Amino acid sequence: MSLQMIATVSNSSLLQPGFSLLNFDGHVFFFGQKGWPKRSCPTGVFLLDIKQNELKMKPVFFSKDSCYLPPLRYPALCTLRSDAGADEYQYIIHGGKTPNNDLSDKIYFISLVSKTSKKMTFQCIEKDLGGDVPEARYGHTINVVHSRGKSMSVLFGGRSYTPLSQRTTETWNSVVDCLPSVFLIDFEFGCCTSYMLPELQDGLSFHVSIARGDTIYILGGHSLQNNTRSPNLYKLKIDLPLGSPAVTCTILPGGISVSSAIVTQISDTEFVLVGGYHSDNQKRLACNTIVLEDSKIEIVESVGPEWTPDIKHCRVWFGCDMGEGSVLLGIPGANKQTIPDANYFYILRCKGEEEDKEEELITQTCSQTSSEDPGDSTPFEDSEEFCFSAEANSFDADDADTYNEDDEEDESETGYWITCCASCNIDINTWVPFYSTELNKPAMILCSSGAGHWVHAQCMDLSETVLLRLSEANVKYFCNKHVDLNKGLQTPQKVMCLKKPPMKPLRKKKTMKLSTSAKKSFLRRLFD
């Protein structure tokens, strides 16, 4: 094995835990960006071009008949071939999290329809299913099995939000293990069937699954209910006769207690298992070789690469299988880089260059490669905000298709991991949810002082009741630093009351009183 560091670049923040990589004809494509796609790449899919230790991100286009594909993190993903020996294939994508933390229950088929030196075009199609449709989830796996000339997809594991009927104010955003059901999906007829097997008692997520022929091996995984990483090795065998399918499960010895591991294929029968976590605060630096032959599986410890000190001492790492025996690994840059939220990235090559040219991927693999989801596990596995960035000046000047995030809006001012005040103690590596409404990011509130700035609700000592009231009411909020100043600005100056002079009463008009003789004299003159 060899470990090669690639140059980090800035101003992107797209690559984060939960991303997926697709490999078409040796080209690696990135899917599952941070945030919603923008005008520079509306599809949210990029070609990763790594040359001379520099990574270039080039936007990928979709055909006119394609559906919309949201950026999904922690989805289940695998390749689908018409038969086990077919050269052409497409990817199946199911579930995952959107940038709004909504869970998807949709299934997409994505395939490469045209390729030139300057433009890659994909076709994305959404599939409708009937029957026992799997609920929305993330952290699960999907594989394709072949039996008796037929093929069928198998979905297992994952996490989902607590059902609405069971939610309370304190557990509104809580997640639970999905039931340990095995779903058989027939895409030819668009139907699903679920199976409950007695050997599968606990729900699992962020596990590894490897398929070969009519058999799937499930290794490791994390159970929220028991807060354990399963040491069991499960063997699922799917028989597809003319009638109803038969699904059996066997528990084999020799499993590995690990979650969020990455598996990559190095030959027709050999795979390499790297990464993951032994426990909440312990990474797994050991590597294993998995050999599948004659319906048997053998797992042996192999010699790993010479891990760098940064990898050994970091508490979080994440990555994904690049295909052809290579793995993309990322670790947080912490305070060693001047660029905030920057990461170090490495390529782990698990086989030699000669083997890369000789072998071709035939066996289908699927693994949940990202670190565990924030809010659902521990701060050591919760690293959704770690990001990778692509800088415009690191690309070729004549490469017009290279993604340039300088064209996008600057979202750094509203980052969740800023130092909001002098007493701010929110750290991405140690943060745990404080309010019941928090899931994977700390709650923030806008201070209306001046041009406005964001602060952490926890740093402002806001109670959950006050925070909910402020979020519902249309009122301005001022942080602890500016609240006194705001009060001074809002207090009106004392105005002296003007004394109004009292109004003078109206004088009555004086009337003249005439005597009787005068009245008679007046009447006489009037009628004469």
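Numbering starts at 1 and runs along the chain as it is shown here.
Cβ coordinates come from backbone N, Cα and C, glycine included.
Note: TrEMBL annotation is automatic and uncurated.
So that you can see what the record holds, here are the features copied from TrEMBL:
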DOMAIN    415-492  domain 'Recombination activating protein 2 PHD'
BINDING   CYS420, CYS424, CYS447, HIS453, HIS456, CYS459, CYS479, HIS482  Zn(2+) binding site
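Shown here: features listed in TrEMBL, placed on the structure.
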| residue | record | Cβ neighbours (10 Å) |
| --- | --- | --- |
| CYS420 | Zn(2+) binding site | 23 |
| CYS424 | Zn(2+) binding site | 15 |
| CYS447 | Zn(2+) binding site | 22 |
| HIS453 | Zn(2+) binding site | 17 |
| HIS456 | Zn(2+) binding site | 23 |
| CYS459 | Zn(2+) binding site | 19 |
| CYS479 | Zn(2+) binding site | 21 |
| HIS482 | Zn(2+) binding site | 17 |
**OP:** Restricting to the domain 'Recombination activating protein 2 PHD' (415-492), report the mean pLDDT as a whole number.
**Re:** 77
